[in-house]
Structures are given as structure tokens and as C-alpha cells.
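Only one structure is covered here, and it is reproduced in the block below.
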Amino acid sequence: MKILEVLYLVCFLAPAVLMAGLAGLTRLNGISTSALWRVLQIVSYGAIAFAGASLAAGTSGAQWPGLVKATTFGLVLALLVQLLGKVIASFSVRYLEGEANQRRYIGALSAVLGSVHLLLLADNWLLLIAAWAAVGLALQQLLCFYPDRPFALFAAHKKYIADRIADVMLLGASALAWWEVGSFSLSALWTHIAQQGASVPLQASAVMLVMAVILRTALLPVHGWLIQVMEAPTPVSALLHAGVVNLGGFVLIRFAPMLEQADAARVLLLVFALMTAVLAGIVMLTRISVKVRLAWSTVAQMGFLLLECALGLYALAALHLIGHSLYKAHAFLSASESVRQTRQQILHRTSLPGTLSVMLAPVLTISAVFLVLMLADLAAWPWWWSGVLGMAWAPLLWLPDAQDDGASRASQLLFGLFTVIGLSMIALFLHALPLGLQDAPDERLGLIALAGMAALYLCQVLLQKQPQRLSRWRRWSYAGFYLDEAYTRLTLLLWPTTWSSGNASPVQPVIPDAPVADRPR
């Protein structure tokens, strides 16, 4: 390797090395906690600088053959993760003031950021698996920050089990790929697929990869831990929802060449992702707690993100991943402001949307998306995806049934239309960014996704227009359709655990025979 390439590789790896060094530094008793916080701030600035320099320099020369390799999308995410890490670290200093175990928190946070950076540059099956496992193990320490909160500990236990099963799936997928390709290198795998296609072992490898991503990304029915870890510190929730749980989307985008050749894997991913997007979206409408609603929103968005991967819309999935990370970090770190806004919405709640409004809204939004595509003369995505976007944005055009004057209703309608047009233009602009991703849309799967989004829209309308007639359905929805209860029972049956609350004796968790959801308001 040339000297310039070595220097670039050092710059590329520096954020992971800095964070790993800080994680080790927290184990030295001679350094005070306040000093460690200051070191974390300095290291975060250094990691951001190195990540930004790597992105500015481009991907040429940033590789260690068979081990690490830079991609444009990976470099963008690496910079984003370090930026979010800096914000979360600054927020944590004040948030955790006076708390015990701050040293452990700093070490675990640094380990998560370093491991995520390593995962984003991995060009080797084993390195990717090890980095992803390290992310989960370090995050486990953050989720268990409060040892006297048993439900948080049990949620972390469920996540630990899902992660270990995912590790087994990934090891199986890597073994099948090595058997076929003769190397653990991902670049060698892409070359093999381009030349010879995906054989049966590689298609089986893709299926196992998808199953691992489903477990790690908290899709239904293994989503419960993501909802129940809300008892962890707020900055941990921000880190989890903004920079960790969505890593499955990055892995699928990275493995797009193999996923495109494995129809069984794409169908499996479509089923779980679409089910998650629809059901979690319905559940979110019935929840009251701000943080819990944000958690269900993440579950639904992860379903939507992996749905885009299943449909072959990798560029849109990448943009979705970046946007979701920024939004969720802001939403959790400003959760107190969200509470105030929610109270104001309740106090100023408008009447139910009119029947004509909910019928015409999807027609207008879909037409607006098509109009933007026609005027831009771009084929950024397939026609059926315009329908999916239109269904998702249709509630923006709902008008209340109240007897407002015509000018007020017209202004609301125009504002909604301009919002849809603006969102479409932003999506087109971002889609044109050079992230180095190539879409491979599948129309058959796209039509299924369009039908699923239409079903979700219909459920939204029914919950808004006929809440009394759907009271039983609403209770089931509020309870998450009892999917997590079944998964929890299985967890306790196969991997029982005990927890300890403070100085109390260990307690065996018990799930009641007939769980009943709290009545939604």
C-alpha cells in the first residue's frame, strides 16, 4: 500500500480507534468522571473531523482488501453517527448529573459509537458480525443503566436473546457464502454474484441474512423490547432509535447485489416489513404516552424502511434511514417539548375529518406526486411507489367536518397540497444525490405494498370516523394485537431469567394468563 493510502486508511479508521480507546480509558480508576466527560467531548470532535475528512476525500484508496472498504453511503452514515453521538454526549452530561454509574455509561456509549463506525466500513462477513454483536453488547449496558427497573432489565433480556439468535443466523449466512465463494470478503461476493449469479447456497444465505435483520431491527412480532426499554435514560433512547436499530437497513442496502438475486428472501422481507408497517402504524394511533408513541413510530418506520429494501428501492431506503435518524434524535432529546405540544393539540383538537375529505385526499395527493414527477421529467421511482407515497401523505389533506368558512377550508387544502408537492420535490432532490446506490424495483412486490398501504389508510379512516363501532378493534390495537405477549411467554419458557430490584431478592417475571390492555382514551 502507498503511503497516501495508508494515511487515508488511518483517517478512515480513526473514529473507531478513538472511541475504543476512550472505552478502555473509563476502566482506569485514576481519572475522575468529570474528566472523562471532557475527554468524551474532545474525542467526539476528533471523530467528527476524521469522519468528515474521509467523506471529503472520497472512497478511492480507503480499503484494506478483504477487511474494510469505504462506500459513499457508509461514509455519509459514519459522519452522521458521530455527529449524533456528539449531540447525545452533550445532552447526557446534564441529563445524568448526579447519577451513579456515569463511568460505565461513558464507556458503553463510546463502545457503541466505535462499533457502529466499524460496522459501516466492514468488507468482511466476520468483521461485520463481530461489530454488530459489539454494538448490541455495549448497548445492553446502556439499557440496563438503572438496575432497579425490572421491566427495563427484562426488555434488555429479550433483546439479548434476539441478538444472539441473529448472530447465529449471520454466522450461518456467512458460512454458506464462504462455501460458495471461498472467501469471507464482501467485495469477492459481489464479484461472484455479478459473474455467476446467486446459487442455491447464496439464496439460502440471503434468507438467513434477512431473518437476522428482522430480529435486530425489531420488526413484529419481536418488537416488544424496543417499546419496553423506554425506562432507559432518554439519551439512550435517542441513540437506540436514531443510530442503532436502523443498522439493519444499512446492512440490507449493503447486501443489495445478493438480495436482488434471492426472490425468497425478498418475499420474506416484504411480508414481515409490510405487516410491521401496517400494524405498528395502527397501534401508534391509539397510544397516549409521548415516548411510547415515538417507540411505536420507530417500529412502523423500520417496517417501512425494510419494505423499501424488499422492493429494491435502495436509494429511497438510504434517504429514509438518514431522515429517520435525524428526526428521532431530535424527537427524543426534545421529548419534554413534545409533551407540551401534545397537550396543546388535545386542548385545540379539531372535529373529525369530513367524509368527502377522506375520500378525495388520496386522489389529490397521488395526483400531486405524479404531477411533480412529470414536470421534473424524472423517473426517480416506479409509478406504484407514487401511490404508496400518496397514501402515506393523504391525511395532510384531511379537512375537519366543522362549519368553517370556505376561505379557511380552501387555505387548509392549499397548505396541504403545497406540503405534499414540497415533500415530493425534496424526495426528488435527495434521490439525485450521488450515494452510489442503484435501485432494482420489483413491480409484483410493489403492487402488494400498494395494497397494504391502502389497507392502512382505510384503517386510519375507520378509526377516525367510527371510533365507537370499532371499540374492540381499538382495544386490540392499543394492546399491540397481543403479539408481544406471545413472544414474551416463549422467551420465559425457553430462556427464563430473574431480576433484582434494588437490594431485594431476585424475582421471577410472570406474565398473567389473560393479559388485558388498558382501556385507551
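From the backbone N, Cα and C atoms, a Cβ is placed for every residue, glycine too.
Per TrEMBL, domain 'NADH:quinone oxidoreductase/Mrp antiporter transmembrane' is recorded for 122-377.
Sequence annotations record features per position, and here TrEMBL assigns transmembrane segment to 6-25 (among others).
Among the features that TrEMBL reports, transmembrane segment is placed at 37-58 (among others). Distant neighbours of the transmembrane segment (37-58): 8, 11-12, 14-15, 18-19, 21-22, 25, 31, 70, 72, 75-76, 78-79, 82-83, 85-86, 89-90, 93, 102, 106, 109-110, 113, 117; these residues of the same chain sit at least 6 beyond its ends, with a Cβ under 8 Å from one of its Cβ atoms.
The feature transmembrane segment is assigned by TrEMBL to 70-93 (among others). Away from its own ends, the transmembrane segment (70-93) comes close to residues 12, 15, 37, 40-41, 44-45, 47-48, 51-52, 54-55, 58-59, 62-63, 105, 109, 113, 116-117, 120-121, 233-235, 238-239, 242-243, 250, 253-254, 318, 321-322, 325-326, 329, 333, 434-437 of its chain (Cβ-Cβ under 8 Å, at least six residues beyond either end).
Feature annotation from TrEMBL assigns transmembrane segment to 206-226 (among others). Tertiary proximity for the transmembrane segment (206-226) is limited to same-chain residues at least six positions away from its ends with a CB under 8 Å from its CB atoms, namely 132, 136, 155-156, 158-159, 162-163, 165-167, 169-170, 172-173, 176, 198, 240, 245-249, 251-252, 255, 258-259, 261-262, 264-265, 268-269, 272-273, 275-276, 279-280, 295, 298-299, 302-303, 305-306, 480, 483-484, 486-488.
According to TrEMBL, the feature transmembrane segment maps to 238-255 (among others).
Per TrEMBL, the feature transmembrane segment maps to 267-290 (among others).
The transmembrane segment annotation in TrEMBL covers 302-322 (among others).
TrEMBL lists 352-376 (among others) with the feature transmembrane segment.
The annotation transmembrane segment is assigned in TrEMBL to 382-400 (among others).
The transmembrane segment annotation in TrEMBL covers 412-433 (among others).
The feature transmembrane segment is assigned by TrEMBL to 445-463 (among others). Same-chain residues lying 6 or more positions outside the transmembrane segment (445-463) and placing a CB less than 8 Å from one of its CB atoms are 266-267, 270, 274, 277-278, 281-282, 285-286, 307, 310-312, 358, 362, 382, 384-385, 387-388, 391-392, 394-395, 470, 474, 477.
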Using a Cβ cut-off under 8 Å, which residues of the same chain at least 6 positions beyond either end of the transmembrane segment (302-322) come close to it?
73, 76-77, 80, 213-214, 217-220, 245-246, 248-250, 252-253, 256, 259-260, 266-267, 269-270, 272-278, 280-281, 381, 385, 427, 430-431, 433, 435, 437-442, 445-446, 449
Contact set of the transmembrane segment (267-290) with the rest of its chain, CB cutoff 8 A exclusive, min separation 6+ beyond the ends, reads 207, 210-211, 213-214, 219-220, 223, 230, 252, 259, 296-297, 299-300, 302-307, 309-311, 335, 338-339, 342, 445, 448-449, 452-453, 455-456, 459-460, 463, 474, 477-478, 480-481, 483, 520-521
Outside the transmembrane segment (352-376), at least 6 residues beyond either end, the same-chain residues with a Cβ under 8 Å of its Cβ set are 383, 386-387, 389-391, 393-401, 417, 420-421, 424-425, 428, 457, 461, 464-465
